[in-house]
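> Before I ask anything, here is the structure I am working with.
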């Protein structure tokens, strides 16, 4: 018994350390990914596509990862290969050259830009200044040469390009576009007049003129030629080449990271289930949050001390991915000592389909499933573009890292009052407060006045994210059949991040481009308020009875029962059913 208890404690300690390193590594890179893509010169729509593909890949890959291979060696090999692969995939992003060489200087934080400009005016220029001056000189030279020869659309430093207006307008505006390297970065959050994403620019033949006399075959040949030329132009355009490279690296990175997290998580749960200690599994997420808080702040402080560029093509934001690779490599050393238990029986039932059927069978579960879908979509606007907005307000990376830490630490602190809050307030009230506070957060972000004010708004994440998931998980636990709790939780996580966050990211980039970030925030604020009223109306129409979790009753420890206790057990069950009916 003592050795078994020691093994459980050792497994939990190793898992806590592993989650601490994993959380720190994730927070070093993931929150800053869209900011890095901005420095590569990608516009908001393409950044939204990358973020949406990242969420979607994780949601679709997760159910496949749950089928862990048999054998201890195979599982250890899968963990090690996923660790090294995810570290390598993150480093691939640092090797991708920027689509616009001047975007890194333009979007460098305000204090760094002022420092560079001050050094440029001094007698003895600093190391960051010489690179900046050289970039300006080269840009001027390139612009003069391209004015004579180019017929392509100019490479603008802003993430939004003006539409194709003709060769004369292009060449006349090319020089000024290349010289103005440090323009107003705030314009990236507000749409320019009738901007169109160059991905969808295709020159089509007109219906009149000489085409009217042509036959149908000529039309088809011309259409095929134009289509092929359009596709060819897409792959030849530098911006789209960078986008495709980024998309491939990010999706690969997310697939490997998801495989790693699911394999380690499932292995630990199976081990704890084998030694009958799954009740100690539920608090391990705290270590991930603590690691993420420390990692986000630490890497931000370090990056703030660096110049805008580490080399001619690598921005200082690449350090975020170096930090991720380092921490992931350290977690590999911890994973070597993981105890691995391979269950003898394997369940081939499609638990995802069964979990969806259980959700569909309960009215409240359906409402909460839609709720997490909407909150995931609304939250994607904050995850993808809040740091853009902070950067345009002159924020340093320290405030960005602190904003991540404040939200996570607020959730941890509120967790210690979970039991009291759930006993004091009904589930509907907690959901209503959570949705209201998320709407308030979005509204505050749309009127963001200074960078530090984000820290105050992020405190609300404790309720808008943490408390909401308490109620959702408690509801699905009540409808779960034996062995289906984790599958139901996984389905809801996929609905939130794979469904809501991916769809919100895909659409959010285009909304930011054409209408502005403030409009995106306010639109989601209105949607959440409308859904709040709808959920309150529908909730009042649902039956007020609450199902007893019979799976928990059946899973109770029967060793404490005896024949003499049967009467007391029956009285307890009757009393519990009466209390549920009364509530």
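Just so you know, the numbers here start at 1 and follow the chain as drawn.
Using the three backbone atoms N, Cα and C, a Cβ is placed for every residue, glycine included.
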> Looking at the candidate ranges 323-344, 543-564, report the one that TrEMBL labels transmembrane segment.
323-344
> What mean pLDDT does the predicted model reach across the domain 'Major facilitator superfamily (MFS) profile' (364-583)?
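The average pLDDT of the model in the domain 'Major facilitator superfamily (MFS) profile' (364-583) works out to 85.
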> Under 8 Å, at least 3 Cβ pairs, sequence separation 6 or more: does that hold for the transmembrane segment (45-65) versus the transmembrane segment (429-449)?
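Judged by the Cβ rule, the two regions do not touch, with the required three close pairs absent.
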> Cβ under 8 Å to the transmembrane segment (365-386), counting only same-chain residues 6 or more beyond its ends: which ones?
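Distant contacts of the transmembrane segment (365-386): 31, 34, 44, 47-48, 51-52, 55, 189, 358-359, 403, 431, 435, 438, 441-442, 445, 454, 464-465, 468-469, 471-472, 475-476, 479, 492, 495-497, 499-505, 508-509, 512, 517, 520-521, 524, 527-528, 531, 535, 538-539.
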